[in-house]
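So TrEMBL lists the following for this protein:
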TRANSMEM  A:12-34  transmembrane segment
TRANSMEM  A:78-100  transmembrane segment
TRANSMEM  A:112-136  transmembrane segment
TRANSMEM  A:142-165  transmembrane segment
TRANSMEM  A:186-208  transmembrane segment
TRANSMEM  A:247-265  transmembrane segment
């Protein structure tokens, strides 16, 4: 009895110390990001390093939030990411409904194309996009960014929504059709409201991809009026390469939307994500 | 393309009462629902790929109007370029080291988080901490690690205090260190996705498999090798192939930490291609490189699809 107990205690100590070491690996860089954003710039590389310094202040945040150019990057990121999320959900709901409730010629082919689109390297597309987006008059516009982001958010969204709709019984749509409603009514009145948990997971993931996108934002926009937060952080690195506290403050501010979305929808998000990843 | 025709004809179809619809219209309904997707994928995926393949066989594309057919000249140029070959080698090292480490860390963390010895609250807190790196955009991750790995930064300070190094190492500017430094940062940034998927898969393993193994008097390690690993195998294989593909797409992290330098030591296929296009304005050469990257990815994608079929 006692040996079993002792072995359990040993095992527990082992697991907890493993978790703490891993937690430091994962968490310390983030803590340092936060700590540096409150320092005054002269203290960033002080020796020995300190987590909370004498010059602790919100000055770096004030500098970022008081700068219209930086705020514009945030506005742009919000506009693009929210538009991408809404449009991706709309288009993916329609496609997911087709895949989940109909059989039709070329279904497998179209599905295979959508799955394989996920593997196409963005760097392969960025060269023709440069020509195409200019030709379409979408260079340096929100629409150019929104459409190119959707190419990468849509496949995953369709796969996840199709999988989710497949779990909803067909009797749900049939009941609407018996009452004389069409498939269209069944989709929007019954299926979409029932699928809200799955749609939230897809929406959060879509927002994350768009908010974080870098390569297209770098190549398909030219002016500060259109640039997004990731490019803004990079520009800050080039302009005043020594204002580390401001770079960190901007990074913290730029991470808040995704962090909040994740914390708020954690359970649904992880559930939906893994369901999609395992079945994809 | 049989898919483009039904777009307009079915747009109004769902609103029309069922009995007045012809069989043909009804057959076209699913294509109607798919038309926005198909339109987007054709315009922003199929057309661009055709365009880039076209560019790769021509010369003076995009920047000049009178482009001429060049045959395989661009491909010969790229494939004999020493910096392309070193980019190929660096990419191979970068993606295999990253994926292997993502797998090991992801599995180790997932198993600790799944341990029956811990309470729910402890697990929930650690789970959030472990997912943290994944919630930051690459631009932020690049900035964090440039700060941490600065010659005067906190990582060097700790290593010096421990006596592991004599003086501050400039991790991103030392040609012998830079590739390992960017790989390390990418490992930090990418393991959580593996961890989340493996955690879900671990929770899906039936408990009676472990009970049966315990009755047979097996120890922890034997259960890991004979129960856990075989059960996780399908998820591990498809995640690993996906990760190889995604890591090979990595551009922002390299671009914002080393820019491919020093001395091409961290040049990847993505940064090589980008530089050819947007720094050298050699769009034809860049297109040839982009097509080669696409072909290499297709090989990986083929293995991914096959691993999916086997399940």
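We number each residue from 1, going along the chain as drawn.
Keep in mind that glycine also has a Cβ here, set from the backbone N, Cα and C atoms.
Values in this document were obtained by computation on a predicted structure and should not be read as measured data.
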Could you give the residue numbers and ranges of same-chain residues that sit at least 6 residues beyond the transmembrane segment (A:78-100) on either side and whose C-beta is under 8 angstroms from one of its C-beta atoms?
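Cβ under 8 Å, 6 or more out: 107, 111, 114, 142, 145-146, 149-150, 153-154, 157-158, 161-162, 164-166, 183, 187, 191-192, 199, 202-203, 206-207, 209-211, 228, 257.
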Compare A:112-136, A:142-165, A:247-265 by their Cβ pairs under 8 Å to the transmembrane segment (A:186-208) and return the stretch that comes out on top.
A:142-165
Have the transmembrane segment (A:12-34) and the transmembrane segment (A:247-265) got at least three CB pairs under 8 Å, pairs 6 or more apart in sequence?
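Per Cβ check, the transmembrane segment (A:12-34) touches the transmembrane segment (A:247-265).
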